[in-house]
Every structure is written in C-alpha cells, then in structure tokens.
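To keep things clear, I will list the structure first and then write my remarks on it.
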Amino acid sequence: MTLSNFTDTSFQDFVSAEQVDDKSAMALINRAEDFKAGQTVHFPEPIYAANLFFENSTRTHTSFEMAERKLGLTVIPFDPAHSSVSKGETLEDTIKTIGAIGVNIAVMRHAQDGYYNDLLGAWPTTAIVNAGDGAGQHPSQMMLDLMTIHEEFGHFDGLSIGIVGDLSHSRVARSDMQMLHKLGATLHFAGPEQWYDSSFDQYGDFITVPELVKQVDVLMLLRVQLERFNADHRQAFSKETYHAKYGITDDLAKTMKPGAIFMHPAPVNRDVELASDLVDGPQSRIFTQMQNGVFMRMAMLEAVINARHFGEE
C-alpha cells in the first residue's frame, strides 16, 4: 500500500493511533524511509502550516517545523504566550482565526486530553495534526518509534517489546502499545505499580524490571513526568531511588539479549530512567528516533496534504 492509495478521508486530520491500521502504518514507514533516502516532493500550489504548542517542546516542535520546511510548506509563526488565547480566546476560535487567514494545517500540542475532539471541522479547510494531548495520544512519536523498530528488525510480529516507567501519565505509551499490539508484537510493562493503569492489561503483562530487561528485543524507557504529578507523587521517589529500583543501570543492561536496543521518547533524565553512558552507547537508538522523527512527520504531513488535496493546481 502506498500513500496515494489512502482514501480521501483517511488522514484529513491526524490525531490518534486509532486512525492507523497495519497497512497504513507500513505505508507511512515506507514513505518516511523514502524521504530519509533523499526523495523529495513538490506541491504546485503553496501550503501554509502553523505550529500551536501550548506545552513546552524541543524535539516535537522543531521536528515538525523541519519536516514542514523540507516539504516546502510555508510556516506561519505562532507564539501561544502572545496569542489571543492568553486573553481568553477559545481553541476553537483560534483555529477558526488561523483558518480564515489561510492556514491549511494546524499542528497542535495541548495539556488537555482529547483537546482535538472539539476542533475537528472547526474550519473546513484547516487540518488538525495532534502533536500530543495531555496524557492521551502522541501519534507522531508512535509512528517514528515504529519506523525505528522496523529499521532495526524489519518486522514487528513476534518481537518482544518492553515499556518501562511512568506508564499512566505517558501519551507515548498509550499510542505505542495500541499500535504495536495491532502489529503482532508481544508487550511487557514494568515500573512503579502505582503508575500502572489496569486498562493496559489488554495489551500485555506487568512484570518486574529485571524480568522484563532480560527477555525483550526493544526496551522503551519513559520519562518520569514530574510536571503531571501532584505534590504527593513528586515525593514518591528521589532520583537515586528511582534509578536503583526501576531505572536501567549499567549492571542491569548487561542482562539484555544480544541485539536488543534502548529507545526513549526524550527528554531523557540521565541516571534516572537510564544510566547516562547507556544513552550514548551502542545499544541506544534514542538519537536515531529523533532523526527518524523528521522523515516520519514529513510522511504524516504529506498524507494529510494528499487527503485534503492541498497544494493541487
């Protein structure tokens, strides 16, 4: 399946893992690999994008902007702190405003889970691309993770994948586990029990960190998200205690399978989720994920552009 085979409605907006099936996942991976190999695309008419990030971001924000510029899109600057949202304007009215002035694609991140549900169709000629909603979904991180795993192993079916850490607060974990389960991977979870959601049982089992580390092909660490905790949770662990009990130490890493890899959505808390030297070690694919993120976001944006017929004469 290629991107040109997508139906017009498949990716008119790109907001959640539920939109992606196994065929479209592989089509996006293949297209991202094309871009990584140097393929380019040209749109006959101008396309305008705005990046509306209401939460702090380094990787996702700059990665989307790089993807937009590589595709030849015109990026319209948007600063939430100096926007009318700070004066009380609703997100829906913000989308209507940028749509009215001609923005085709709004890439958005917001702390509210499912914020995009009220924005889909707010302006008929403006597409919504979700760059992360609270603890809900993170489809572009999901897709770049899939690309990185496929690049390493060439398949998903039968792979053993472990996700460790702050599971209940992680939009990355939610998106990744849904898609990896669809693709036939075996999933294992580990971390503090109070940070685990029983709804994840449908995707895999919850085991100890040492048990998980020795049996997985992909070890995905999650950032400890202090900004989403209440005061009591912040005091649950010191960095040193967390690293010793739930982090990947140098000694624990020695028990990994040959050929197994580390992944992390970043930013990494060095010597908390993962020993600092392992972040830059030969088993780490953390910076490969960042590289792949640009090409995958190019593929995702192109899918939206094709579905909407943007840029056509």
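These residue numbers are counts, starting from 1, taken along the chain as shown.
A Cβ is built for glycine as well, from the same backbone N, Cα and C atoms used for every other residue.
In sequence order, ASN130, ALA131, GLY132, ARG171, VAL172, ARG174, SER175, PRO265 make up the list of same-chain residues 6 or more apart from HIS138 (carbamoyl phosphate binding site) whose Cβ falls under 8 Å from its Cβ. Taken from Swiss-Prot, the feature carbamoyl phosphate binding site applies to ARG59, THR60, ARG109, HIS138, GLN141, ALA266, PRO267, supported by sequence analysis.
As annotated by Swiss-Prot, L-aspartate binding site applies to LYS87, ARG171, ARG223. If you draw a 10 Å sphere around the CB of LYS87 (L-aspartate binding site), it holds 6 other CB atoms from the protein chains shown.
Taking the mean position of the Cβ atoms of ARG59, THR60, ARG109, HIS138, GLN141, ALA266, PRO267 as the carbamoyl phosphate site, the remaining residues of that chain whose Cβ falls within 8 Å of it are SER57, THR58, SER63, ALA131, GLY132, VAL172, PRO265. Sequence-distant neighbours of THR60 (carbamoyl phosphate binding site) (same chain, six or more apart, CB under 8 Å from its CB) are PHE53, ARG109, ALA131, GLY132, SER140, GLN141, GLY293, listed in sequence order.
ARG59 (carbamoyl phosphate binding site) falls within a helical segment according to DSSP.
The full span of the recorded L-aspartate binding residues, LYS87, ARG171, ARG223, taken as their largest Cα to Cα distance, is 32 Å.
Secondary structure from DSSP puts ARG109 (carbamoyl phosphate binding site) in a beta strand. In the three-state DSSP scheme, ARG171 (L-aspartate binding site) is classed as helix.
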